[in-house]
């Protein structure tokens, strides 16, 4: 089953339960700006390249989980996420209630060596297939980018407004599993207390710093929207567990 087949099956399932979507207008944005790029944004999150299928060094780090990047591995894990992940399926369901089709998703090489994925209104979600990674990271990247797509659908984000981007980055970090405690510990970002908030803020600032339009105001933009956006888990009632 291809990625597109997985999406089609989900759409058919959701449409059977929500016939009203047929009457909803699906809006297409006429610009192609990268809304957000999911990046490794600190040295503690770097994943070293490997020539082997798996690495076995670093018993207490992410190294032992890392796999050699291939397009097939990317596609298989993206398809698995679409078929099995209830969090992603719920986001898609809620997008369709708003009258938005989920974005197209593809696995392809990315120019940036620290990018895991990105979202643009026209091209959809791109998952980087040339970055050493591991299945859970691919899953989190897919959900992360779909949070951005949901926010674009619901809130009509302005891709040139750094505060808008800061808010969706905070939400994506919270809702995707990026800041799961076990992952943070493996990345050596230790901290028992308030680790979720610290991780979400760090990742949001890092993402904005990689955006040429926002790099000089990244921390200010995140701090300005922090109180509101860090408590915004919609369409969930709280941070979902993975």
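Glycine too: its Cβ is placed from the backbone N, Cα and C atoms.
Quick caveat, the model's predicted, so the values are computed rather than measured.
The active site feature in Swiss-Prot is assigned to 145; the stated evidence is sequence analysis.
According to its DSSP assignment, residue 148 (divalent metal cation binding site) is helical. Residues or ranges marked as divalent metal cation binding site in Swiss-Prot: 144, 148.
Counting every protein chain shown, the Cβ of residue 144 (divalent metal cation binding site) has 26 other Cβ atoms within 10 Å. Residue 145 (active site) has a Cβ environment of 27 other Cβ atoms inside 10 Å.
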